[in-house]
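**Student:** There's a structure below that I have some questions on.
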């Protein structure tokens, strides 16, 4: 006896999202696929702080003040919290257009695309073949191999300033202002700043403030550990000498070297982003020279006030994620057959005894049917077999009666 059991598997949206991101904890954590440098960041922070808490903090708390390790713990926890918040959150990924939306956008910008395709034809004499090819490719949205697609731009006005909205051929959307497509994560990110391998994620509108707080707290933590390592070595040198201090404290020497080489890059990066926050500008805009190029176009997003710019970037309302990663996409139903173990040995024997007889009876019927079809003078493949009650036995037949050969009953009597 078998029972059909139906099981439902819930498919969430993060499982089908395009791009090169990885998800953990049922879509709650979102990161880039390249996470090797992020693990290096964790190792350097955790290793340096572990050495500092294990060796120097105890001595400094007794010799100077117990507040030294407390303040170090606060800085360490704040830096780790902002790092994980930056790495595990959605930076502001813009969903790609659905097929219907992409078709509507293609239809909306079709005339412009056709005009650009026609203008790309070299001479009027070549329009016969190449022109029709260009028209076909323009309407289909395809581009000949080796040629760049024609630009698709919309003008948008912000604070009396014309801003160009560019079309993304991968996401099939017109990107919002300040958005850009990340080639590493393969997604369009709103207010894209840069892709940071040290945090293993893009830095955009939804996690830029946490990224800035991370590098700021990491700079303070690095300066703090470096300073008190020097103080520790100075206090030790007064008692046992400098060379003996180096021999007895190899962990402190390693911390000093790590902090010395990371101090300049981390502090320099913090200063650069402080400058960008004060101007309400992104790293992508600064590299491209969007507001400082030859045109000398002013930044339409700047308020002209450092305090207002800092408040907007760091203290403004945080927009929600538009991905809906944990939303239910659909449910897949799967059925499984389960065999019950309630059958006894007697029932199994009966079924096994009945099965050969049944198969023999079926085989005999098939053989008789095939022989009848072959021996019949007017046989056809679709001729039905006669019913069993119409077939007469030899005892019931009368020898003086001769039936016509075309009757199906004669066929059955002849076989018997």
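From the backbone N, Cα and C atoms, a Cβ is placed for every residue, glycine too.
Sequence annotations record features per position, and here TrEMBL assigns transmembrane segment to 37-55, 67-84, 210-235, 255-279. The domain 'Palmitoyltransferase DHHC' annotation in TrEMBL covers 164-288. The region 'Disordered' annotation in TrEMBL covers 332-416. The feature compositional bias 'Basic and acidic residues' is assigned by TrEMBL to 332-341. The annotation compositional bias 'Polar residues' is assigned in TrEMBL to 348-378.
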**Student:** At a C-beta cut-off of under 8 Å, are there same-chain residues at least 6 beyond the transmembrane segment (255-279) that contact it? List them, or none.
**Tutor:** 44, 48, 51-52, 56, 211-212, 215-216, 218-219, 222-223, 225-226, 229-230, 233, 286, 299, 302, 306, 309-310, 313-314
**Student:** Should anything in the same chain at least six residues away from the transmembrane segment (37-55) have a Cβ under 8 Å from its Cβ atoms, list it; otherwise answer none.
**Tutor:** 31, 69, 72-73, 76, 79-80, 83, 87, 197-200, 218, 221, 225, 228-229, 249, 251-252, 254-255, 258-259, 262
**Student:** By DSSP, how many residues in the domain 'Palmitoyltransferase DHHC' (164-288) are helix, how many strand, and how many coil?
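**Tutor:** Each residue of the domain 'Palmitoyltransferase DHHC' (164-288) counted once, the result is 76 helix, 19 strand, 30 coil.
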